[in-house]
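S.K.: Below is one structure. I have some questions about it.
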Amino acid sequence: MNKTFDRYVSVVFLVLGVAIYIYSQTLTVSNVGIAIGPKALPSFLSVILIILSAVNLVVAIRSTTHDKKEEKLEYKKFLIILVSLVLYALLIEPLGYVITTFLFLLIGFQTMEKGKYLQSVIIAAAFAVGIYYFYVEVFLGVLPPLPF
Amino acid sequence: MDALQFLVQGLSVALEPLNLFFAFFGCLIGTLVGVLPGIGPISGVALLIPVTATLTSGLPTEQAATSSIILLAGVYYGAMYGGSTTAILINTPGENSSVCTTLDGYQMAKQGRAGAALAVCAIGSFAAGLIACIGLVFMAVPLAEFALKFSPAGQFSLMILGLCALSSLAGKSQIKAFIMTTLGLILSTVGVDPISGVARLTFGYSELYSGIEFLTMAVGMFALGEVFKTILTNDYATGELIKVGKVMPTRQDLKDSAVPILRGSLLGFFQGLIPGCGATLSSFMAYTVEKKLSKNKANFGKGAIEGVAAPEAANNGAAGGAMIPLLTLGIPGTGTTAVLMGALIMFNITPGPLLFQDHPQVAWGLIASMIVGNFMLLILNLPLVKVFAKVIETPPKYLIPGIVAISVFGVYAVQVSVFNLFLMIGSGLAAYYLAKNDYPIAPLVLSLILGPMIENNLRRAMNLYNGDYSMFVRDPISLIFLMIAVLWVAIPAVMKLRGKKVIVEEGV
């Protein structure tokens, strides 16, 4: 169990709770004929969140168990995939579904394990074109088309 | 019998060629989802929602909903079958509820009895699935009719009970689980309030006016979160695959496992009825019970066939049992049923007491298809188990980026918005870090779904009672639910304080 994470996340939730509480008070509505207005539930929930995160914070601070050693994580692979995923989402509309999906898959395959380039290219292309064809041509769905 | 009449009607729906195909497709995908490590029943169901929405787009609403839910439920109970295959052959559970199966299943495989273990799993799953379906047939309508008598206050308290039940058993820390529940409820208030028309917590994003899309969150938190974890921890199935061998179990195997299967099925079914006690918990329970009752306890952990049969039956029984509170009360008790409920709501069909009156086609079609589906799974699993075993060898190199690409496709195809893609990525990241530190994800998604209904019932009740909150304790049914809710939270907490170990539903 990671106590440092618990501390940080409790503080984040605590701040979030306070922010939501303040925000809900700014909702202005007439309450005529309505027993419970739109701000009642968010206000109530934010108070609960504040209480729970405060308790969690206290538990985390008072806990005496030490953090377990971080296991070795594959940050490099993860970051490459995450960045390509963000680019994928950004470019899917300007470049179209087929091109971005093909590129994302190719990068993904090679990041997971290098080699077998031809096989990677074929699978990535088949996936991108196949999904696009079936979804758009057969089921008449909407996906961003090729840019040209 | 009334129930049997409805069942026959349901069968006529389930046996329509399209629905039959959907049930088959769902079971097949479910088995694959169960077999493939790194993708569990929740993410499998979440990922298939957009696919089914596409496949059924031309049909009238009710028919589309029926076919879709038939497919999605097939994925759910199909995954329970498939999970045992990896557990037995490479000692890695394909999903959480098969953890127990590894204990004796892998030992059996090492002794060259993999085929027998797999066959007993399939038969046990089948028996349990069937028992759960029979329970569903006879309990659904009475329960739904009973639930119709609840006042708005009672309905509100029932939902609170559902939330408390799932939260108090999810994860290692109750506080953390309740933090996640509260967060989910807060997220559910995002969007334009349907009664007053005020935009809440939208911060000017017009994409948020209709609320946070459940599908985006479910795919992000379950599918992407799981993928991120797999990449970061390098957690691929690397075990040596054991040859399956002869699939048919011997007469002695069947004799040894018959009673454990029956016990496991019933135990699983009744546990599945209780919100928060999912398949994982009931398979552990069934294993413990068998070990206690067995004459040769020493054999457990060394390849006892009872130790494979009972937990596998229990997790299927639980999966079927969990459908009952979902369909009759509108209370999903597990992460996967929560996602199923979200899918039904997407098709404008609200599970709950009125489901059997308003949409009998959906309810009974689904129940009948589950019976049909269980037969399909048995037929699919016994001869094809060697084929599924091959699927385990799918290189993660292609699998992991593939799951990400399907997530992106699913969310984009349904929402057609880049905003939702980023919401998905963000929630995936959050889910990974939260789940890693024991903040369970299922309560958040569950309360995201139940939130609008809770608020609705609360407001209806308050308008009816002129803002008198004491109605919640004056209405007897509501009071009972609230009291059970308090006990549900308090008992595990007290047990923990007294130093007792509390088993929790891990992972989901």
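Each residue, glycine too, has its Cβ placed from N, Cα and C.
Predicted automatically and left uncurated, TrEMBL annotations should be read as such.
According to TrEMBL:
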- B:20-446: domain 'DUF112' (DOMAIN)
- B:20-49: transmembrane segment (TRANSMEM)
- B:116-141: transmembrane segment (TRANSMEM)
- B:153-170: transmembrane segment (TRANSMEM)
- B:177-196: transmembrane segment (TRANSMEM)
- B:208-228: transmembrane segment (TRANSMEM)
- B:326-350: transmembrane segment (TRANSMEM)
- B:362-382: transmembrane segment (TRANSMEM)
- B:403-433: transmembrane segment (TRANSMEM)
- B:439-456: transmembrane segment (TRANSMEM)
- B:477-495: transmembrane segment (TRANSMEM)
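Walk me through where these features lie, including what they touch and how far apart they are.
M.R.: Mean pLDDT across the domain 'DUF112' (B:20-446) comes to 85 in this model.
Residues of the same chain lying 6 or more positions beyond the ends of the transmembrane segment (B:116-141) and with a Cβ under 8 Å from any Cβ of it are 2-4, 6-7, 77, 80-81, 84-85, 88-89, 101, 104-105, 108-109, 244, 246-250, 253-254, 257, 260-262, 264-266, 268-269, 272, 305, 308-310, 312-317, 319-321, 323-324, 327-328, 356, 363, 367, 370-371, 373-375, 377-378, 381-382, 385.
Sequence-distant contacts of the transmembrane segment (B:177-196), counting only residues of its own chain at least 6 positions beyond either end whose CB sits under 8 Å from a CB of the stretch, comprise 163, 166-168, 170-171, 202, 208-212, 217, 434, 439-441, 443-452, 454-455, 459.
Long-range contacts of the transmembrane segment (B:362-382) within its own chain (CB-CB distance under 8 A, at least 6 residues past either end) are made by residues 6-7, 9-11, 13-15, 19-20, 22-24, 26-28, 31, 62, 65-66, 69-70, 73-74, 77-78, 81, 118-119, 122-123, 125-126, 129-130, 132-133, 136-137, 140, 247, 320, 323, 327, 344, 349, 355-356, 388.
Residues 38-39, 43, 46-47, 49-51, 53-54, 205, 207, 212-213, 215-217, 219-225, 227-229, 232, 441 of the same chain lie 6+ residues outside the transmembrane segment (B:403-433) yet bring a C-beta within less than 8 angstroms of a C-beta in it.
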S.K.: Can you find at least 3 Cβ pairs under 8 Å between the transmembrane segment (B:477-495) and the transmembrane segment (B:153-170), where each pair is 6 or more residues apart in sequence?
M.R.: yes
S.K.: Are there residues at least six beyond either end of the transmembrane segment (B:326-350) with Cβ under 8 Å to its Cβ atoms? List them, or say none.
M.R.: 41-42, 45-46, 49, 52-53, 61-62, 64-65, 68-69, 72-73, 76, 136, 139-140, 143-144, 147, 158-159, 161-162, 165-166, 214-215, 218, 222, 272-279, 319, 356, 359, 362-363, 366-367, 441-442, 445-446, 449-450, 453, 505, 508
S.K.: Same chain only, please: residues at least 6 beyond the ends of the transmembrane segment (B:153-170) with a C-beta under 8 Å from a C-beta of the stretch. Say none if there are none.
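M.R.: Apart from its flanks, the transmembrane segment (B:153-170) reaches 147, 177-178, 180-181, 274-277, 281, 325, 329-334, 440, 442-443, 446-447, 450, 453-454, 457-458, 461, 465, 471-472, 475, 477-479, 481-482, 484-486, 488-489, 492-493, 504-505, 508.
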